[in-house]
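Note sheet for the following structure.
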Amino acid sequence: MSASTDSGQPASSSTRIMKQHLIDPEVCIRCNTCEETCPIDAITHDSNNYVVDATICNHCMACVPPCPTGAIDNWLNVLTGRPHTLEDQFSWEELPPVQEEPGMDGSVSVAVAAAGVLVEDSGLDGVPSTGAGSSIPPWSAAQPQVNLYTHKNPVTATVVGNYRVTDEDTESDIRHIVLDFGAVPFPVLEGQSIAIFPPGTDSSGRAFHARQYSIASPRDGERPRYNNLSLTVKRVMTDSEGNVVPGICSNYLCDLKKNDTVQVIGPFGSTFLMPNHPEANIIMICTGTGSAPMRAMTERCRRQLKEKAFNGKLMLFFGARTQRELPYFGPLMNLPADFIDINLALSREPGQPKRYVQDLIRERSADVVRLLDNENTSVYVCGLKGMEEGVLQALESATGSAGGQWAEVHAKLKAQGRLHVETY
Ligand code: A2P
């Protein structure tokens, strides 16, 4: 007897197939963005994989735009009632082959995987809603390259520099690491990231997953017209509860010597990209190593300024424990005040009150609002997860103190690709 639908009609082959939302374990860099973004907790993970629970996922698409690699954007046709279980997905090293459907005549037809499903509109001027930031880049951003190198074909880069950018006697060991790609093309834009495989295996013998790092240099290289890029990496020595647990990849990277080689995949990211028109203004808000993309954008603008291709304003809010623990403090202070408006929020500077970036945004609210009112202005937030809420509240109160409505301003910034948030 053939299957029938509720209407009593024989089931067509399409009614026996459903699309299951799955994460490609070969492309996923385990950055946790999808799990954080999912509004209904359909995404979870174990030490091996990030997975989607087919019994919860409603295909709302909220997780798709923020995923830096596109690993989340996989939709496999499976037989209705036979989705891949969480246990299946936890064990995968790669996506499974598509299920075969028995045909009416006993033959088998292969269901086709439908990757790259279009993002649905949220109703906000056609822009998907994905949390605080925008899911599209500013209109003048350059076209990024993504996923050129994947788990299956990583590229080898050579370390050409590893310098500490915080004072030697401080607890914060933050490194500026320069990687050279030789003759292998590795085109990047400011705001993009790469991921690096630490060598070795975990306790169950599996190779460590790649870890993601923002690029700290502009598109034409740490050294102009060289095929290299830089990263800003903090040596992690404790877990989130403060127990001594050295970070696997950060310690590997911070200990690298000149001429060592690393395995790299990427580049990733297609929204946290800077505007490129000469009148563009950029407000940058960061803490610690969240300064990496801000350094990349600032340096791009500085090089453009020399070529008279940048005429906008840069405003930076940068939080660190102390001045000596603020990465790149010296070079930052050498930048001319008429090029970049620098606001340092130091939280543990002896003899000074504790200040966070959001405190300084409030203090500078008139100037912040003047820039926000200008459609040439884009805002970038990068750093500790904890600052995100505080920064949004500070932007809200700044807007309110100038008589504006943050809800309207926020929606417009998001819809125009002018507010970008990357916190961890
Ligand atoms: P704190 O001294 O309170 O830890 P880190 O060095 O750990 O990467 O932190 C960088 C800076 O970010 C520090 O000054 C830290 O202050 C600050 N910070 C911590 N939590 C927040 C928050 N919720 N909002 C803004 N800044 C924060």
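Keep in mind that glycine also has a Cβ here, set from the backbone N, Cα and C atoms.
Since this is a predicted model, take the numbers as computed values, not measurements.
Under the three-state DSSP scheme, GLY383 (NADP(+) binding site) falls in the strand class. If you look up TrEMBL, you'll see SER214, LYS234, THR289, SER347, ARG348, LYS354, GLY383, LEU384, GLU422 marked as NADP(+) binding site.
Annotation comment: TrEMBL describes 19-48 (among others) as domain '4Fe-4S ferredoxin-type'. Tertiary proximity for the domain '4Fe-4S ferredoxin-type' (19-48) is limited to same-chain residues at least six positions away from its ends with a CB under 8 Å from its CB atoms, namely 54, 56-60, 62-63, 66-72, 74-78, 83-84, 86, 89-95, 114, 117, 130-131, 147, 150-152, 195, 202, 204, 206, 209-212, 265, 268, 424.
Using DSSP to sort the residues of the domain '4Fe-4S ferredoxin-type' (50-78) gives these counts of helix, strand and coil: 0 helix, 8 strand, 21 coil. Per TrEMBL, domain '4Fe-4S ferredoxin-type' is recorded for 50-78 (among others).
When averaged over the domain 'FAD-binding FR-type' (152-274), pLDDT in the model lands at 96. Residues annotated as domain 'FAD-binding FR-type' in TrEMBL: 152-274.
Overall, the recorded NADP(+)-binding residues SER214, LYS234, THR289, SER347, ARG348, LYS354, GLY383, LEU384, GLU422 cover a maximum inter-Cα distance of 27 Å.
Remark: of the binding-site residues SER214, THR289, the most isolated position is THR289 (fewest other Cβ atoms within 10 Å of its Cβ). With the fewest other C-beta atoms within 10 Å around its C-beta, ARG348 stands out among the binding-site residues ARG348, GLY383, GLU422. In this structure, ARG348 are the binding-site residues from SER214, ARG348, GLU422 whose C-beta falls under 6 Å of some atom of ligand 1.
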